[in-house]
């Protein structure tokens, strides 16, 4: 093995450790939030700094659980309001009740499911059946 391979392996290991740490910090934030929201917010800040330092992507399930503006851990019904909207496109609106920041996430699950169903049925030779 050359130096590049060793360095690449080390980088991969560092990123794996960083991913584990981010996951651990967010699960800790989730567990500790009912007792100490400030500590949960601190865990989120640490997780964000680890993620930025290691240059890894934040998993989607955690990306939507903190406010992008004030970096507080969001719990629907406690410090976040979650609403579903259809116009101009179907999306989820999450409002941080600490700072008032609004985040919008599109949801296209039904269309993707229909597309998958249509592609599977055309492979079988049946064609799309939208009657059911």
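Yeah, the Cβs are placed from backbone N, Cα and C, and that goes for glycine too.
What Swiss-Prot records for 67, 70, 96, 99 is Zn(2+) binding site, and it gives sequence analysis as the kind of evidence.
Locations of recorded Swiss-Prot features on the structure.
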residue: 67; record: Zn(2+) binding site; CB count, 10 Å: 22
residue: 70; record: Zn(2+) binding site; CB count, 10 Å: 15
residue: 96; record: Zn(2+) binding site; CB count, 10 Å: 20
residue: 99; record: Zn(2+) binding site; CB count, 10 Å: 13
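Sitting within 8 Å of the Cβ centre of 67, 70, 96, 99, and not among those site residues for Zn(2+), are the Cβ atoms of 68, 69, 71, 72, 74, 98, 100, 101.
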